[in-house]
Amino acid sequence: MIKRWLTANIIAVLPVFIAVNIASLLVWLLAISQQSMPLVLGIIAGGLVDLDHRFTGRIKNLFYTLIAFTISSIATQLTLGHSHAFIMVMTTMTFIFTMLGALGQRYNTVAFGTLVVALYTGLTYLPATPWYLNPLMILTGTLLYSITAMLVYLLFPHRPVQENICKSFLALADYLETKASFFDPDDIDELEQKQVQLALKNNQVIQSFNECRTSLFYRLKGQHRHSRTQKMLRYYVIAQEIHEKVNSSHFNYQRMTQQLKNSDLLFRIQRLLELQAQTCRQFAYQLQQNMPYQHNLRLEKALQGIQQSFEYYQQQHSQSQQFPLQTLIENLQNVAWQLQHLDQDNQQEKRQHQQINNDNITGLSNILETVRSQLNFRSPLFRHALRLSIVVFICCSIAEFLQLERGYWILLTAIFVCQPNYSATKTRLKQRIVGTILGVIVGSLLPYIGTTLETKLGIVVLSSTLFFFFRSNNYSFSTFFITIQVLMSFDIIGFDLHGAMIPRVIDTLTGSIISWLAVSYLWPDWKYLELNKVSTQALKANAKYLLYIVSQLQFGQVDDLKYRIARRNAHNSANTLYITVANMNNEPHKYQSHLSEGFQLLKLNASLLSYISALGAYRSHMANLKQQRDFLAQFYPTAKKMIYTLEHLNSLNTKEFDQLQQQISENLKQFLNDYNQQLSQIDFTVPIQQLEMMNQLLPNLYHAIQTMHK
């Protein structure tokens, strides 16, 4: 029963809650109030770099984290009081640690935490304190947090990956509901708006899949695979397969919706998608609550109804009108089958999908080469590292040369507010200011609530825990609680609480303004528009995805690791394109000359990916085509011309493009003539149909890409 209410959010804050309680108890028992602040800040730093991993991986992470924290804290401590040395050390560390983000999210997390430790060392600095004491207390706090985090992990080893699976199915449910809206006959004119909304939902699905993959990867690295982990891996693969089928597109939605607007078949398709969304949501809830999976019986009735309606439709319409619908309904039936059998183990599937890939960069030469490749102004990471280093230089100079008491709050604010792009910085700036002001107002009342050390330590425990609880979903709240925690910590070590409040607000405003000025005027994003590069990468990823599908048609369906990597890369590239356009849309006055092209590329790429996904979802039928050598002898060259065109769309001149597209069109027409009789079979129809739909997109894609490159 206790596991049902212990959600991932609560489990995530258990280590910090336990660690700060232990730290508070030690402060109270040993009467070391003066050392309470670095001890608690060390716990918070440990929480900031806490990464989901198996047990041995956590021990390894702790070892490297303690080394990094030791170097950062001691380097800061020894240069404090030596203005020029301190400024240079902080500026250099900022640039190096930020550039390490090129190696991936895990490196970025630890590097940022190491930089925060340097800030915490400066924030707790007192000239009278021995040089080793603050670094020692910060490291002790980090070690205390890490030990409690490992104990919590041993109690709930599978909960994080289980929660990530839940999030994936919830995101999939939202995606299914949005896709269902495409079959609403009363909203035909709003199709373009729905495509943008679907791109947003796809973005959320891909993000949740990436989190699942990372969690599973680190659990599957060991020799022993727990049965629970194997089950989570199976759920992850099923979710990916469902997404590929639902992402598929076999026809023009506007035309098909118009054609079926007076048929109950359209409403049944919409209803079936909505029920599948409900089933995904129900599965996520039952998995989260550790309840046995109960299949949605209404889904079976909906399947029977849609099959009966389609049989009636077949009697009324020609075969050519039936094929797109038949393929769609088969896909939906397959999705329903997957959902019906979610909790049934499949040994063949387990053997087939026993590998999972992650993009970790290993080896010193590869690490150096990856970082080196980012050392140019076309790299957003390099611009951010340089910009943040200048911000740190300015903030340190203000704090040092103006001799501001606790002036490192300016630096702390700037580090947390300054984000890689303008839109994110503006959002973070507002949240930081609101959270700080509210925290100061509430913090000013706390001394009247309780004056005993026990009460103050209790407030530190509560505010630290709530800071972590809201850290990932409400930055204003997390800032509010960390402000209270810092103010109460100052009160515990004997600083004037009321005297620290106004400087806290002023320093927050100063750090926020410096960050805003930096992202606005230092190599601003609008001067380095990446839309052409991102869109070209998306097309190349789609081409590679199509290549692996065609290869599986040629050599047989083997759902190997490389195919799934190609599929994931295509969706990740589409995700990057969406984020780029979304960031542009947040600043329409700066990007107005390219915004319409951005949305056009987003919609065209989404359509292209959906057509390719339909061919990928069709792979189970490919065995029937392997016997048709004449058909395949014509199909492969046409498909490879399509792949070549997509890969080189940005570099083809108009004459070359027209020739390629004409060749593809003529080949497809030849297909229709040569295989007119066989096209009564769906096995022949789908590959030709999907290539034809891709071919129809090519002129618009070429025009959009060429417009962006002018």
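Numbers here mean position along the shown chain, with the first residue as 1.
Here the Cβ of each residue, glycine as well, is placed from N, Cα and C on the backbone.
TrEMBL does not curate its annotations; it predicts them automatically.
Quick look at what TrEMBL lists:
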type: COILED; residues: 332-359; note: coiled coil
type: DOMAIN; residues: 61-339; note: domain 'Integral membrane protein YccS N-terminal'
type: DOMAIN; residues: 394-517; note: domain 'Integral membrane bound transporter'
type: TRANSMEM; residues: 12-31; note: transmembrane segment
type: TRANSMEM; residues: 62-80; note: transmembrane segment
type: TRANSMEM; residues: 86-103; note: transmembrane segment
type: TRANSMEM; residues: 110-128; note: transmembrane segment
type: TRANSMEM; residues: 134-156; note: transmembrane segment
type: TRANSMEM; residues: 432-449; note: transmembrane segment
type: TRANSMEM; residues: 477-495; note: transmembrane segment
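Residues of the same chain lying 6 or more positions beyond the ends of the transmembrane segment (477-495) and with a Cβ under 8 Å from any Cβ of it are 27, 33-34, 36-37, 40-41, 44, 431-432, 434-436, 438-440, 442-443, 446-447, 453, 456-457, 459-460, 463-464, 466-468, 470-471, 501, 504. Among residues of the same chain six or more beyond the transmembrane segment (12-31), those with a C-beta under 8 A of the stretch's C-beta atoms are 39-40, 43-44, 46-47, 50, 141, 144-145, 148-149, 151-152, 160, 453-454, 457-458, 460-461, 464-465, 468-469, 492. Model confidence over the coiled coil (332-359) is summarised by a mean pLDDT of 68. Each residue in the domain 'Integral membrane bound transporter' (394-517) gets a DSSP state, and the totals come to 103 helix, 0 strand, 21 coil.
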